[in-house]
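Since the structure comes first, as structure tokens, the remarks are kept for the end.
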Amino acid sequence: MGACGSVMQDEALKEQARIHRQIEKSLEKKKSALLEQSVLLIGPGESGKSTVLKQIRSVTVCRAMCGGYTKHELEEKKLLILRNLWTFSDMLLEYVIKNYLDMNETDKKKYKVMIEELKFCVMSGGHMGDELAETVKVFWLCAPIQEAYEKRNTYHLTESAGYFFENIDRIKMPDFQPTNQDIVRIRVPTTGVVTADVILKNIKLSVIDCGGQRQERRKWYHYFDDVHAVLFVAAISEYDQKLVEDESVNRMDEALNLYHIVFNGKYFTKAACILFLNKIDLFREKVKSVSIKKFHPGFEGANTAEDGAKYFRRKFRDGMHPDFKKRLYCHETCAISDQVQIIINTVIDTVVQENLKDTGMI
């Protein structure tokens, strides 16, 4: 019953609708109580796990038709966006200075002041205003900063930086309200364990998001019992990048090793296994100029997104314990795209369906 692939063809959508109707019918029998489902969300750092969690919340909010983020939560998101702009600006300027890119001393001093003003906005809970916003726009568009942004993979600057800089005119407004797309672009590394409970009709979905950095992983094992599904997120676009924690280790190799440890047969004997090969949009662009074989010598296909994705899917699958292969659901995703919500809808139904089978309800 395993499935692998990310394209929602007509037949797949019809099957999803059939499964959803079956689940709805089964849940009608248990109206008096919530069906509780738990999903463990794991993967290496920078893979996009927290973004997936935001999209899960967005999907369940839409399906339950119970409103969005609270006013207080949106205010927190606004401050996080400003914090991201402050951090991204600091990283870009630091790269320019350390690598002796062509920027005069006057501009360096001006942009250091700009960064301090962004910091003050964050600390004071204010908004940036027109004058500061204009300086940020000039900063973003200047040649050395653009050059530094193009080299972002070498110093762990995320692609969200460009998104927020391009949206300065909207973000600077006093009445700015973050959209769902803004929220999923926010970068805040997960430390510790974050649990989000979302309610969808008769389903209570508890999603446990565990920090992906190496020092956080020892905490995962406390959550390995009694989960209904494991959602593992790996950034397929990072096949040429190094770990933040260890510059000698390739990020894709780290993801593969971690995945095979998790699915070695000791844990999750009844849980659905779901793999998101995330950041597929960046992967499709990157393979146009960056060799897969250079970083993964075992790759023998054409240097295309199709052959590359097929190779990495096989690498993840081949190292699994045989019992898990028949329960693996693999999707190529872009967690910042609203289209991922279609996949997440399918994942939610998959988790519920597997549990209902185990309990004999369908």
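Cβ from N, Cα, C; glycine included.
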(Q) I'm validating the feature mapping. Which of 11-19, 83-91, 155-163, 182-190 is tagged region 'G2 motif' in Swiss-Prot? (A) 182-190
Q: Among 38-51, 66-79, indicate the range for which Swiss-Prot gives the feature region 'G1 motif'.
A: 38-51
Q: Tell me which range among 194-201, 258-265, 266-273, 274-281 Swiss-Prot lists as region 'G4 motif'.
A: 274-281
Q: Name the residue range among 165-174, 205-214, 305-314 that Swiss-Prot annotates as region 'G3 motif'.
A: 205-214
Q) Is it the case that the region 'G4 motif' (274-281) and the region 'G3 motif' (205-214) have 3 or more CB pairs under 8 Å, with pairs at least 6 apart in sequence? A) no
Q) In Å, rounded, how far does the Cα of Ala335 (GTP binding site) sit from the Cα of Ser50 (Mg(2+) binding site)? A) 9
(Q) Among the binding-site residues Ser47, Ser50, Asn278, which residue has the fewest other Cβ atoms within 10 Å of its own Cβ? (A) Ser50
**Q.** Of Val184, Val188, Cys210, Ala335 (the binding-site residues), the residue whose Cβ has the fewest other Cβ atoms within 10 Å
**A.** Val188
